[in-house]
């Protein structure tokens, strides 16, 4: 049986994942409207991935006979200065989500909730992967440059990542 604290934290995480999906959808839209189709595709796909993270949490809660408590999702940021800023914000956002997951893991350990601890190991690994991915993209954008030809090359680099993650 899940403790009240774990239930509260997992419900909050569902909403954080839904917010993440909306944020990446907003970033994707900005990219597409600025002819950055590669980054737009990557972020669009990533929005769907975040939605799947929320679904996985919902299923876990439901399997434990816990009703999910969805809250309102605030409007995501939609004005950005450029591709570097988008990926910097995305990287920082992933770090925030990692902290949140780690906090739930800490609570599961303290309450000796082995099932939740085991379930969350997938999220721990996933967050590590996402932080590495976004940091790598950010580093490449900064290396290539965010101006003219560099911006095009950076967009094509991100497009390549999006396509490789689908296969």
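Glycine is treated like the rest: Cβ placed from N, Cα and C.
A quick note: this is a predicted structure, and the numbers were derived from the prediction, not measured.
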Would you identify which residue of 12, 92, 94 Swiss-Prot lists as part of the Fe cation 2 site it also attributes to 50, 127? 94
Annotated companion of 50, 53 at the Fe cation 1 site, Swiss-Prot, chosen from 17, 81, 99: 17
Taking every residue in the domain 'Ferritin-like diiron' (1-145), the average pLDDT works out to 97
Quick one: pull the CA-CA distance for residue 53 (Fe cation 1 binding site) versus residue 127 (Fe cation 2 binding site), whole Å only. 11
Under 8 Å Cβ to Cβ from residue 127 (Fe cation 2 binding site), same chain, six or more residues apart: give me those in sequence order, or none if nothing qualifies. 94, 97, 98, 101
